[in-house]
Amino acid sequence: MLSENEIKILSYLKLKKKANAEEISKELGLPLSSIFSLAKLLEEKGYVKIGERKIIRFELTEEGKKRLKEGFPEEILLKELNGQPSLIEDLKNKMGKDLEIAISWARKKNLVKIDQNRVIPNTSNYTFSTEKEALLKPESADEKVLQELLSRKLITRKEESKLEITLLKEEFEEQNYITQLTSELLRSKDWKKYKIREYNVEALPPYFPLAKKHFFRDFIEKLKDVMKELGFTEVNAGYIEMELYNFDLLFQAQDHPAREIHDSFRVDGLGKIDDERLLKEIKEMHEKGWKYSWDPQIAKRLVLRSQTTAVTARILSSRPSVPFKGFSLGKVFRPDSIDATHLIEFHQLDGVIIQKEFSFTDLLGILREIFYKIGIKEIKFKPGYFPFTEPSVEVYGKIEGLGWVEMSGAGLLRPEILKAMDIDANAGAWGIGIDRLAMLLFGLKDIRLLYANDIDFLRKMKVRL
């Protein structure tokens, strides 16, 4: 059974025998996409054969148009020489930057020779008619001339594929079909002139993809849900932070390499610190622990936070009620070369537990529970070092196909830090690189794909937590 539009296509092909899809679309006034699908249906029914014909087109570039109008550089050079030798310096004053190109091509064509600082013509009657004809009609140009024009970027070559439809059966039933009976058709009895189209009750409806969140944003939201389910309170702070919270309060010395300009983004201006007691305690902590003269002006410098542990530092400085369980998940910034595994802007999750009897064993237990809920069932711990925790631990998770991969750094906060914050309790803290974790869980080879906007790619990505 043929549809009305299928009959239109066959009727047109009956006259032409063969036509491309664009031509049929234009003549029948049907969308090109409809011609493609209808041709496929007709091919399945044996009425037509679909083929592909490659068409090569050449187009003049802006430089090509210029040369057609003004002449080739070597052509202009010959005109300037007018059959007589000339100094390169004199020619350069007249032709400018085109002289180098002109000499290069003129020598290739044996039109000139160079003798010391002079250009000497070998001919004065060379015509450029072949090259100009090739610019006007590249399709019929000599292959050697064509390649020259292409290499000089005077023309571009474009290859197009045309869908060509050939009629196989000239006999077909030119019967009009209707899809529904109307009261007018019944009254006038005109329905007898038509065939009623059959319905395929087994046909599936068209697929309409539903809207959904970007998979990485969804992943971050689900991580937050995991932390909240475990009783943690989300705490946020700004991206611009004083070095006091980003470094000093975390017992990182003021001469530490991480504080250099190449490891953190500096921001103009200075912050303000009103808590004199806090400054005094931090000064004592640094000068006693690191044996140097601590400078409060350095602590006031502003940076784009390089770790969300800066939020943990702010939590501690606010002297929260004990017990306290908090976390922060947000962007951090570090100078780096962007590639498949590095970005200058990425996400971290930091957590802190402040509790009277909180132990190192308790910390390992909560880390194990967090990673289990994320979907990493097997983890192991190795001793580590971080300036603001002691003891410290590195957390490794087992990822299918990759083996053991580092996931997090953690530890109990140093007594000096807790004393400076006037906190009479133990505290455990940890940090997780979220972008790297997402790469591993989603099986991505390129960290930049976490921020992809390719719709087909995004539709395939699913978050399973």
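Backbone N, Cα and C atoms are what each Cβ position is placed from, and that goes for glycine too.
According to DSSP, Leu349 (L-phenylalanine binding site) sits within a strand segment. For Leu349 (L-phenylalanine binding site), other Cβ atoms within 10 Å of its Cβ number 22. The feature L-phenylalanine binding site is assigned by Swiss-Prot to Thr309, Gln348, Leu349, Asp350, Phe388.
What Swiss-Prot records for Glu390 is Mg(2+) binding site. In sequence order, Gly411, Leu412, Arg414 are the residues of the chain that are 6 or more apart from Glu390 (Mg(2+) binding site) and have a CB within less than 8 Å of its CB.
Within the same chain, residues at least six positions away from Thr309 (L-phenylalanine binding site) with a Cβ under 8 Å of its Cβ are Leu250, Gln348, Asp350, Phe388, Ala429, Gly431.
With a 10 A radius on its CB, Gln348 (L-phenylalanine binding site) counts 22 other CB atoms from all the protein chains.
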